[in-house]
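J.: Quick paste from TrEMBL:
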DOMAIN    1-102  domain 'FAD-binding FR-type'
Amino acid sequence: MKLTLVKKIEEAKNTKSFYFKSDEKISWIPGQYIYITLSTLNYPDERGATRHFTISSSPTEGDLIQVTTRIREASGYKKTLDELSVGSVVEARGPMGSFVLTNHYSPITNHLFLAGGIGITPFRSMIKYNIDKGLNIPMYLIYSNSDSDFTFKKELDEWQKENKNIKVTYFNSSVSGHLDAQKLNILISDHFISSVFWVVGPNIFIDAMEEILEELKISNDQIKTEKFTGY
């Protein structure tokens, strides 16, 4: 399928959202991703002209597909993506992926989201969908970032203010140090029972969270992970 760039928005430092319109009818489940292929690269990139991105918008927000990513100087692909002008057309495949809430939508189940950096993207979609559909599913987001410039912070603050089932805690690792078992235990001590733990971020974040959750005696059956490699 072909996607046409409709607009792009700066969300945080070196982080942008790109909104695309598909030439085909498209539907997705919060948490799924798509592959986007650029026709040409303006800069060399050994990984080629294709990347996969989690869809950060909810299906309830209309038919535009929003993807959000960090623009890295070292990535020829990301730099080229950033330079796309409105009206540019790219190739895409998907949506796909099984990191979704479909089988877990229940108002009696707590969903605890652990996001590292740009790993926030699937959780934005899930939380927005939960709110728009009136599902009243308890969702607690712990969002760890290397600085205070948290992506989607304005939206997240508004959503938790207006919805009693949404809670967000921001963790700035440059100030508080990295999340460890003691810090995480304090944050989630009231959320162990009937909880599903969703962990998204770069490999180092995922590995650290898995070790911490194991130390806290969280069952593997309660943990779902999605690694963002080379984002």
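Placement of Cβ uses the backbone N, Cα and C atoms for every residue, glycine included.
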J.: Can you break down the domain 'FAD-binding FR-type' (1-102) into helix, strand and coil residue counts using DSSP?
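T.: The breakdown for the domain 'FAD-binding FR-type' (1-102) reads 12 helix, 45 strand, 45 coil.
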J.: Give me the mean pLDDT over the domain 'FAD-binding FR-type' (1-102), rounded to a whole number.
T.: 95
